[in-house]
Amino acid sequence: MAGKGSSGRRPLLLGLLVAVATVHLVICPYTKVEESFNLQATHDLLYHWQDLEQYDHLEFPGVVPRTFLGPVVIAVFSSPAVYVLSLLEMSKFYSQLIVRGVLGLGVIFGLWTLQKEVRRHFGAMVATMFCWVTAMQFHLMFYCTRTLPNVLALPVVLLALAAWLRHEWARFIWLSAFAIIVFRVELCLFLGLLLLLALGNRKVSVVRALRHAVPAGILCLGLTVAVDSYFWRQLTWPEGKVLWYNTVLNKSSNWGTSPLLWYFYSALPRGLGCSLLFIPLGLVDRRTHAPTVLALGFMALYSLLPHKELRFIIYAFPMLNITAARGCSYLLNNYKKSWLYKAGSLLVIGHLVVNAAYSATALYVSHFNYPGGVAMQRLHQLVPPQTDVLLHIDVAAAQTGVSRFLQVNSAWRYDKREDVQPGTGMLAYTHILMEAAPGLLALYRDTHRVLASVVGTTGVSLNLTQLPPFNVHLQTKLVLLERLPRPS
């Protein structure tokens with residue numbers, strides 16, 4: 001009976017993960033500049049296909065090239081739904097949601113596959129808690145629909161972790177090679193540690209590992225070079241260039257640096273929330289030692305690079321969640337033994353509530369971080385579709401939500417050129433979407449009127465005298481200008 005009950009709950013757990021990811025997607029439907037390449041590339045594959053001249057990356061290539069293999073996969077799975085939307089003449093904005101939703105389902109598929117292995121190794125309660133712990137944390141669910149290179153690699157990494165737990169070494173090596181060579185070369189630290197442990201424990205021999213690693217490396221490298229050289233119009237291995245730029249030249253430091261232990265005292269507590277408190281208890285089970293040490297070891301090695309972002313270590317969160325879930329299940333399984341376990345069980349439930357409250361707060365604040373996307377939506381609401389529109393989008397707007405999916409009027413012209421000088425050089429545009437800088441706005445006082453102002457967040461402060469107990473500070477970030485009629 002217990003087995004049947006556990007089996008009956010599994011669809012509910014899967015539905016929980018899908019529902020939480022959907023809420024994050026709907027509340028924050030727009031994207032940031034870090035997601036731009038993969039999102040724009042997917043758009044171009046869906047709407048331009050072989051017409052490379054229309055592709056965004058040829059005009060705005062970015063600092064280093066990125067692989068097209070991820071966007072190709074997303075476009076393939078998104079295309080049926082996007083085709084139906086086009087037949088219904090629905091806005092391309094909904095296609096953006098479809099594309100991001102497909103990526104989210106890919107991540108959830110990886111999490112669900114990993115959950116099955118957790119269930120097989122640790123039991124139903126640990127697997128159930130793994131799903132609840134993961135769903136209530138903010139960053140993993142928030143990022144799972146975002147077209148970041150790290151997130152595109154995440155489904156492959158999760159499948160590799162499941163193969164590692166199953167001791168399916170051939171599958172693990174092939175998936176690892178694909179993730180490292182195609183998507184994120186720094187994954188050699190994380191997945192390499194997993195392989196080294198297997199080699200050290202003699203679960204797989206060096207000869208057998210090489211028998212799979214060599215052909216996997218050659219085929220994956222050949223695949224990415226062939227596909228990406230076609231789209232970039234030059235012989236290229238994107239992740240090789242990223243490795244050279246970020247690691248050898250250390251140019252990633254241009255985007256800021258953080259202290260050596262930042263991942264441990266800042267990123268990890270924010271990523272795991274209160275679930276972090278249950279990791280020591282989960283270590284009572286010796287089977288959790290290897291996943292935990294390897295995840296922390298990856299973070300320690302990656303800490304040597306000065307430029308740090310939470311999303312860079314997102315692969316470690318599921319491994320640590322397994323240990324946290326084991327700690328939670330230890331208390332819940334012993335609920336009837338003493339009042340101490342009863343109190344501990346209440347703490348387990350309470351920590352999920354606290355994590356959910358933090359996630360809701362962070363999601364609410366994040367909603368205001370995409371003024372560019374909001375401004376594009378306002379433009380199409382305020383200006384009649386039959387109007388002749390030539391819109392200029394400045395850098396601040398392009399980095400905070402503007403994408404080709406939001407260019408929904410095929411008769412309008414949208415321009416992101418960065419070489420147009422402010423002032424008289426902008427008079428050719430009927431509309432301007434720009435940063436709300438007083439000095440720049442003064443240049444258009446006599447030639448344009450403000451059609452809309454869009455706010456964004458500047459910070460959050462605690463206020464215990466109200467509910468919710470915080471204030472979100474907003475200020476005007478972008479303005480949408482419309483050119484005044486010229487005197488006849």
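The backbone N, Cα and C atoms fix where each Cβ goes, glycine too.
The shown structure was predicted, so the numbers you read here are calculated from the model rather than taken from an experiment.
Under the heading transmembrane segment, Swiss-Prot lists 11-31, 68-88, 93-113, 122-142, 145-165, 177-197, 212-232, 264-284, 290-310, 312-332, 346-366, 423-443, citing sequence analysis as support.
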Next on the checklist: Below 8 angstroms Cβ to Cβ, which residues of this chain, lying six or more residues outside the transmembrane segment (212-232), approach it?
Outcome noted: 41, 52, 55, 57, 65, 67-69, 72, 169-170, 173-174, 176-178, 181-182, 238-239
Checklist entry - Between 68-88, 93-113, 264-284, 290-310, who has the most Cβ pairs under 8 Å to the transmembrane segment (346-366)? => result 264-284
Item to check | the transmembrane segment (264-284) vs the transmembrane segment (11-31): 3 or more CB pairs under 8 Å | outcome: no
Next on the checklist: Are the transmembrane segment (122-142) and the transmembrane segment (423-443) close enough to be called in contact, which here means at least 3 C-beta pairs under 8 A that are separated by 6 or more residues?
Outcome noted: no
Checklist entry - Mind checking which residues reach the transmembrane segment (177-197)? Cβ under 8 Å, same chain, six or more beyond either end. => result 67, 69-70, 149-150, 152-153, 156-157, 160-161, 164, 204, 209, 213, 216-217, 220-221, 223-224, 239-240, 242-243, 247, 290, 294-295, 297-298, 301-302, 312, 315-316
Item to check | Other parts of the chain folded back onto the transmembrane segment (11-31), taken as Cβ under 8 Å at six or more residues beyond its ends | outcome: 39, 93, 96-97, 100-101, 104-105, 107-108, 111-112, 115, 127-128, 131-132, 134-136, 141-142, 144-147, 363-364, 366-367, 369-370, 372-374, 400-401, 403, 406
